[in-house]
Amino acid sequence: MAAKLLFFLLFLVSALSVALAGFEEDNPIRSVTQRPDSIEPAILGVLGSCRHAFHFARFARRYGKSYGSEEEIKKRFGIFVENLAFIRSTNRKDLSYTLGINQFADLTWEEFRTNRLGAAQNCSATAHGNHRFVDGVLPVTRDWREQGIVSPVKDQGSCGSCWTFSTTGALEAAYTQLTGKSTSLSEQQLVDCASAFNNFGCNGGLPSQAFEYVKYNGGIDTEQTYPYLGVNGICNFKQENVGVKVIDSINITLGAEDELKHAVGLVRPVSVAFEVVKGFNLYKKGVYSSDTCGRDPMDVNHAVLAVGYGVEDGIPYWLIKNSWGTNWGDNGYFKMELGKNMCGVATCASYPIVAV
């Protein structure tokens, strides 16, 4: 029996080596892992030893996937193969960005949209913004991470709470810029407590409305005292745990990228929202653009934080912090084409003025 088991393990290692030998340098799977001991025997026992099965087993190991049945393994494998084909076909188009395998590669677009994106929000309240141009020379490029005021990338999990992470990201940056100290603020408080300001917890909301909530609430608690759970809950705000207060919130005029660039360039990071469409969930690097996403106030379905801008290969871009963890995109960040209000990135932009 032991001899048969040893033979089987040697066969798996040999087969994996053959599969790896055929990889192209730009294969989207290469970034997962190439160690033979990363193979999940349960997955290979169901799927066999074909090349895609090895790819899928390594993917599952890399991202800590757990499937409850053979049927689930087969289902997720089928989706994974479809996404892999989509990635390869997209990357062959020689676009300004590339896609790659990440933690969402075993989800259909519908599953991803349901679990990670909030409902579309109406941003028409920003039709006339209150951002004021201040004196100063606009930098050619900007990356607020270099100033040390951008907090670490977080992960919203399977909750459409992106708006809370965009909100706390802007507040954390403003706090650090003001005090020179870092902090982490409570997304869960916003999920649980901000519904009176037209926000809907895991079903979506807007940073501009969250800033107003924090202003009238008298502050937002720290992450340590009100930790993130990723589900709708009962409000448990405590005034003694407040980390930051909001004096006012500033809205960028709807669609005005010149205003947005001025704010990001000379003020600080700005909360923005845009429409995520199929393919963006598998973004890896480069300057993202799309001819299928919308730009209208009712199109936006995901809130993020613009932390800078620049030019890559002749294409101007926004540098944006996401809330899908550091395994996604470029260590949790992405670049979005600048100058076309791409996917509505300047449709729903705002930033807070804070106090301690």
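FYI, residue positions are counted from 1 along the chain as it appears here.
A Cβ is built for glycine as well, from the same backbone N, Cα and C atoms used for every other residue.
Summarising the annotation, Swiss-Prot assigns N-linked glycosylation site to Asn122, Asn251. Residues annotated as disulfide bond in Swiss-Prot, with similarity to another entry given as evidence: Cys159-Cys202, Cys193-Cys235, Cys293-Cys343. The active site annotation in Swiss-Prot covers Cys162, His302, Asn322 and is backed by sequence analysis.
What Swiss-Prot annotates, mapped onto the structure for a quick look.
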| residue | record | DSSP class |
| --- | --- | --- |
| Asn122 | N-linked glycosylation site | coil |
| Cys159 | disulfide bond | coil |
| Cys202 | disulfide bond | helix |
| Cys235 | disulfide bond | coil |
| Asn251 | N-linked glycosylation site | strand |
| Cys293 | disulfide bond | coil |
| His302 | active site | strand |
| Asn322 | active site | coil |
| Cys343 | disulfide bond | helix |
### Task
Drop a 10 Å sphere on every Cβ of the recorded positions Cys162, Cys235, Cys293 and tell me which sphere holds the fewest other Cβ atoms.
Cys235
### Task
Give the number of CB atoms, excluding that of Cys343 (disulfide bond) itself, located within 10 Å of its CB.
26
### Query
Taking each of the recorded positions Asn122, Asn251, Asn322 in turn and counting other Cβ atoms within 10 Å of its Cβ, which one has the fewest?
Asn122
### Same chain, 6+ residues apart, C-beta under 8 Å of the C-beta of Cys193 (disulfide bond), given in sequence order
Tyr213, Asn217, Cys235, Phe237
### Task
Show which residues of the chain containing Cys202 (disulfide bond), separated from it by at least 6 in sequence, have their CB under 8 Å from its CB.
Gly118, Cys159, Gly160, Ser161, Val191, Gly230, Val231, Asn232
### Query
What recorded positions in the list Asn122, Cys162, Asn251, Cys293, Cys343 lie within 10 angstroms of Asn322 (active site), counting C-alpha atoms?
Cys162
### Proximal residue to Cys162 (active site) among recorded positions Asn122, Asn251, Cys293, His302, Cys343 (C-alpha distance)
His302
#### Entry: Rounded to the nearest Å - Cα separation of Asn122 (N-linked glycosylation site) and His302 (active site)
12
### Query
Could you give the Cα-Cα distance between Asn251 (N-linked glycosylation site) and Cys343 (disulfide bond), in whole Å?
18
### Task
May I ask for the distance between Cys293 (disulfide bond) and His302 (active site), taken between their Cα atoms and rounded to an integer number of Å?
12
### Message
If you count, for each of the recorded positions Cys159, His302, the other Cβ atoms lying within 10 Å of its Cβ, which residue has the minimum?
### Response
Cys159
